[in-house]
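Annotated in TrEMBL:
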- CYS323: active site, nucleophile (ACT_SITE)
- CYS184, ALA185, ALA186, PRO187, GLY188, SER189, LYS190, ASP216, ASP243, ASP270: S-adenosyl-L-methionine binding site (BINDING)
- 1-17: compositional bias 'Basic residues' (COMPBIAS)
- 18-34: compositional bias 'Basic and acidic residues' (COMPBIAS)
- 702-714: compositional bias 'Low complexity' (COMPBIAS)
- 61-432: domain 'SAM-dependent MTase RsmB/NOP-type' (DOMAIN)
- 1-34: region 'Disordered' (REGION)
- 702-729: region 'Disordered' (REGION)
Amino acid sequence: MARGKKQNPFAARKRQKRENGPQRPDRRSEPYEETKRDNISFIKYYHLQKICHTEEEWTQFLESIRDNLPTTFRVTGFKGEAKALLNIIETQLFTEYVRAVAELHQKPPEQVERPLCLPWYPNGMAYQLQLTRKDIRRSEPLYRLHNFLIVETTAGSISRQEAVSMIPPIVLDVKPTDKVLDMCAAPGSKTAQLIEALHASPEEHKIPPGFVLANDVDNNRCYMLVHQAKRLNSPCLLVTNHDSSIFPNLLQSNEDGAKSVLKFDKILCDVPCSGDGTLRKNPDIWTKWNLAQAYNLHGIQYRIVRRGAEMLEVGGRLVYSTCSLNPIENEAVLQRILKDADGALELVDAGHLVPGLKYNPGMTDWKLATKEVDTVYTSFDEVPETLHTIIRPAMFPLPAEDMAKINLNKCMRILPHLQDTGGFFVAVIVKRRQLSFEKNDVQDLVEKAANTAVEEPQLDESGKPIEAKNVPWGPQRKRKRLHGYKEDPYVFFGEEDADYNAIKEFYQLDESLSKRCLLTRCVTEKKKNIYYCSEPIRKLVVNNEHNIKIINTGVKTFVRCENRHTVHPYRLAQEGLQTSNAFMGSSRRIEIHRDDLVRLLNCTDPTKPPSTHELKQSTQDRCSELGVGSCILKYVDEQFTLFVVGWRGTSSLRAYVDRDETIHILRLLGADLSKFEVNKYEEAKKAAAAAAAAAGAASAAENGANGAEIEAQATTPTAMEADEPATES
């Protein structure tokens, strides 16, 4: 050990234990053992609850929940090219799917079941494949399908999501004008659906007047949520990090300038749960399931939905959902909040919003039991005192006369065997009047905002803000604190901003684009990335950044790109073009032919962009009118119109999009994708062959060296041999 170096006692103890103790068996070479899909307590408990109407249906339920879950995905509906992508999916992709599945299962193509279009998903934009995630990920015949799902998901054109998970956002019935709160949003699949619904009328609203506030209590999962939602590039999204059961009241500015408590039109409470409805997707739950999980979660589930009801506007809609089958986490929570609301909240039927979906009504009677389900309780009087802290009175069903008033039968219980899905529970609540326990502490919020000290930026000797040092390794640049990273500030443009004036002049921005909605994430004179958010989101941030931790908002619109040949330092960002395009003038636009766009997209070397002389004459003529800098490439097809960020060089033109977006656009254009199509199995074989060849060459070289040495030794006479006379053979 080095001198002066302190030894780690834990490492030393572990090392000694490893040396003295028995050796652990090496299980890496052993085959993987499938999880045993059985749990006596689970089967006993749900059979006791009679979640199925007949014994025959119960048998079907058990068979289904032990089977693997099919893969499902949905197409992003608000994008202009959605119908064209649907056509490609239904023809080219599914033809390849049938061929690949036939090869995988060694059967004729005509015997392969085609993907199912989910009948209850709006506009037929969701599909179910009779394959598991494992099949797609690990089967060579399906590599093209796997590549398609990865690329189109990253490009934001589709979302891979469990079928039953798509239901809550549909029955929430979001409109472009709604103020929406997603209380437990991570990982973000449902949030993405809410954003899609918000942008459902692009021809009516350049930017939706509503917004989605997506919250999660877990700081790390918030960044996963940002990653999911950012694929849709919406300026109407705000991501926050807070405990949703004690989510603070937020301030809003009224038209007359006065402040009031913000109330939401639509709220999604997809609460944490035991997750036993996902057994088909997560088989390891079979070994972990017990009733204690439901008892422990009941309280937090109730507090979340209660807080959601408080923040809901009168006449607003709240959806409560779980991926659990347990009435303790579902009906018991709802009966409790409905009883506390005393008629202010009402359960409503939402089946008409998902026509074709099969489900059972909510339960009105259930029983509780011990953890091992060896003792059953029908009322709190039967529960021993030792369990009073675990099993609470509110978990038992209400008396029949009270139960009839709250209409729990209007809830939706989706069971796996009904339509080959996972298990899920959904309930829709409408707020009829203000709650008696609701608090609207406007004055307290205003005073708190006024008393919050704003962190002043550090200035240098000349009075300019000192720019924070950049580090190349990403998230580490944020200071880690007890409750997560400290986020960078949200600095909105002022009334007189030199950068904005230059951007407005260069791109001929429309006056309707509010410069107050442009922001940066650092207090510096030299802006790098410029983001855009909608006006309601800007007001939310300005009024409440002291009150709640904001993780992310805005969509990247302009990026500093200083080039010696250009007169303007900012280029357009493809992420923000979906929003900024509507406000751009005609000065930086080029209408381009299909062949030219395909040529630009196929150029993957940014150091060798296509020369303008290789393009059609009309494109050359338009390029000659433009100075060096960022531009918008427009392509018009019979089915859709595409807008792509381009860069006009001194004698070249290139498309400024990432790889996945490039493949997506080329697919829409019907271009050859073989250049981008990677067969990971072939790549692995080539790598293995190259490694084997290298090892063989090294071995041969070593053997050759050893052979030469032996031969040299054999041909050199020893001292004894040299003294002996030669003999004839």
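Any Cβ shown, glycine's included, is placed from N, Cα and C.
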LYS190 (S-adenosyl-L-methionine binding site) CB neighbourhood, other CB atoms within 10 A: 26
Other CB atoms within 10 A, centred on ASP243 (S-adenosyl-L-methionine binding site): 14
Rounded distance in angstrom between the Cα atoms of CYS184 (S-adenosyl-L-methionine binding site) and CYS323 (active site, nucleophile): 13
ALA186 (S-adenosyl-L-methionine binding site): tally of other CB atoms within 10 A of its CB: 25
S-adenosyl-L-methionine site span - longest C-alpha distance across CYS184, ALA185, ALA186, PRO187, GLY188, SER189, LYS190, ASP216, ASP243, ASP270, in Å: 20
For GLY188 (S-adenosyl-L-methionine binding site): intrachain residues, at least 6 apart, with Cβ closer than 8 Å: ALA214, MET224, LEU225, VAL226, HIS227, GLN228, ALA229
Predicted model, mean pLDDT over the domain 'SAM-dependent MTase RsmB/NOP-type' (61-432): 95
Whole-number Å value for how far CYS323 (active site, nucleophile) lies from LYS190 (S-adenosyl-L-methionine binding site) (Cα to Cα): 13
In the chain carrying CYS323 (active site, nucleophile), residues 6 or more apart in sequence that have Cβ under 8 angstroms from it: VAL164, SER165, CYS273, GLY275, GLY277, THR278, GLY422, GLY423, PHE424, PHE425
